[in-house]
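Inspection log for the structure reproduced underneath, given as structure tokens.
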Amino acid sequence: EGPAQEALQSLSRRLQVQEKEMELVKAALAEALRLLRLHAPPNPLQDPGTPAPTRDSPAAPPGLPPTCGPSLVSRGTQTETEVETEPSPGPPSLSNGPPAPQGGSEEPGGTQSEGGGSSSSGAGSPGPPGILRLVQSPQRADTPRRNSSSSSSPSERPRQKLSRKAASSANLLLRSGSTESRGGKEPLSSPGGPGSRRSNYNLEGISVKMFLRGRPITMYIPSGIRSLEELPSGPPPETLSLDWVYGYRGRDSRSNLFVLRSGEVVYFIACVVVLYRPEGGPGGPGGGGQRHYRGHYRGHTDCVRCLAVHPDGVRVASGQTAGVDKDGKPLQPVVHVWDSETLLKLQEIGLGAFERGVGALAFSVADQGAFLCVVDDSNEHMLSVWDCSRGTKLAEIKSTNDSVLAVGFSPRDSSCIVTSGKSHVHFWNWSGGTGVPGNGTLTRKQGVFGKYKKPKFIPCFVFLPDGDILTGDSEGNILTWGRSLSDSRTPGRGGAKETYGIVAQAHAHEGSIFALCLRRDGTVLSGGGRDRRLVQWGPGLVALQEAEIPEHFGAVRAIAEGLGSELLVGTTKNALLRGDLAQGFSPVIQGHTDELWGLCTHPFQNRFLTCGHDRQLCLWDGEGHALAWSIDLKETGLCADFHPSGAVVAVGLNTGRWLVLDTET
């Protein structure tokens with residue numbers, strides 16, 4: 001973390017750019033060499049005993065496509081070379097690599113051939129049986145031979161060395177066929193001949209080279225297509241729209257689970273805010289399924305990190321982190337205020353005003369959500385208050401150099417703002433400048449722990465109906481902060497304003513408390529990290545009821561109250577659970593918890609399989625949008641593919657091992 005990590009990432013990006021530039025330079029150099037060889041004058045001294053291949057060559061040897069004769073075989077762009085076939089008692093094979101050790105040494109008066117062995121006076125020496133070799137054709141008498149050091153002058157040796165180096169690069173880059181002359185935009189399959197062997201046939205079949213953002217990508221045409229004319233010439237008429245998002249970002253995010261007035265559950269993952277109706281089924285409000293906020297004209301350009309729901313239960317604020325676009329230009333963090341019914345963006349707040357990202361958000365409650373409080377992820381964690389209707393900043397102050405994990409307005413008084421995070425609870429008084437940009441002031445009072453142990457983190461807090469505040473901390477304690485009038489001798493600004501002090505403590509969980517939720521009946525729910533318990537508390541912090549989340553779902557990250565007694569619980573293993581304290585909880589949304597690398601689709605069922613850095617292998621049902629099964633691979637999974645029968649699937653791991661598993665079990 002910090003400047004060193006940013007510098008390391010910057011160097012890594014520069015290295016990737018330089019590698020791409022080197023690939024392009026090599027490709028350009030190889031193309032120049034190919035053109036030079038292509039336009040070289042014909043060789044009048046060719047040995048009449050060595051016939052040149054023609055388009056009427058006999059049928060292709062076994063292992064090659066039937067439409068391709070020996071003269072069309074190419075691993076890259078081989079020019080001024082001839083294909084020489086030799087009888088073989090065994091199965092034929094292909095060779096376009098380095099010469100064999102026993103036949104690759106230079107002999108006096110001869111030059112080493114490109115396909116292995118040596119040649120003298122244009123006659124190819126016999127090589128190993130069964131090898132389809134590429135033999136260098138003889139040069140003109142007045143031209144120095146390519147690999148002969150005895151006949152080259154000192155001034156030409158560097159040029160020859162460069163030529164050999166470039167040829168090596170060309171062989172490496174163009175090994176699987178090329179379409180250089182068309183800019184990589186169209187497939188090429190010329191019949192070729194002695195002077196222009198540039199077909200796209202290679203050992204595996206036909207390939208097409210494309211350039212994506214300047215990077216050469218080789219794509220193989222399916223083996224069932226025998227002619228390029230069979231391929232469609234344009235893009236398909238269909239367009240894609242986002243249908244379903246798997247997973248929920250609970251591993252490293254907070255303030256990420258709410259229930260709207262419509263009954264939809266709102267949460268985020270990646271750049272998308274998901275509105276999910278647990279009943280299931282297609283459609284929008286009232287019909288179930290999923291809807292997605294992606295912005296009107298322009299949505300979030302990088303990962304969403306926090307949410308806040310307006311008191312009206314319709315409007316939503318979502319804050320994103322900073323990032324870069326596809327061209328490497330920086331993208332600034334911003335807050336979107338949008339309508340959850342129409343999915344239209346109403347306001348874009350703070351573009352250019354925040355650093356690194358938006359860490360926490362809260363709407364005011366006492367004045368019907370007229371104001372929005374934002375804490376960014378800069379070193380000083382700037383705290384700012386904004387007018388929601390105008391999108392103007394009313395006040396701003398540096399809050400602390402420590403992490404800020406939560407922010408909220410008092411529901412009784414919008415001039416009181418609370419923040420909590422690493423080793424602190426701060427009570428802010430916002431005064432003056434209401435509605436006037438930049439004229440407001442923010443003053444801070446620090447929460448004093450006194451005789452109580454000061455925790456390392458205070459991840460969450462909630463306001464009680466009587467005005468008191470409950471905080472959950474990393475020691476597993478719930479602290480009650482009561483209001484009291486400060487006198488003139490109390491340090492800090494504010495005069496006779498109300499201040500807060502600890503009046504009670506209850507040990508609630510083993511390990512950190514990640515979430516607190518005030519229910520409609522006035523009771524409070526707390527969610528624990530290490531013990532995975534969900535506890536309901538009555539007045540005086542008396543435990544009323546509890547439930548335990550199964551271990552494979554992870555710890556409680558967020559809690560939201562649904563209809564009736566229903567609860568929604570987000571977990572640290574990116575699952576969204578639904579249920580109640582009496583009946584328990586079952587998953588409605590599940591996902592991976594780390595980078596996803598392997599993905600494959602079932603050959604004929606609406607199912608797909610994923611694996612990644614979290615070592616989980618998951619089979620998903622595309623019809624029900626549910627997890628069919630998952631297993632722990634014990635190692636990182638990088639790739640996977642179904643057998644054409646669909647009965648088994650192969651999975652490749654980062655250790656070089658690979659597994660085959662039964663798809664059903």
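Including glycine, each Cβ sits where the backbone N, Cα and C put it.
Unlike curated entries, TrEMBL annotations are predicted automatically.
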Feature coiled coil in TrEMBL, mapped to one of the ranges 8-35, 344-371, 624-651:
8-35
Take the coiled coil (8-35) and average the pLDDT across it for me.
88
Please list the DSSP helix, strand and coil residue counts for the repeat 'WD' (589-621).
0 helix, 19 strand, 14 coil
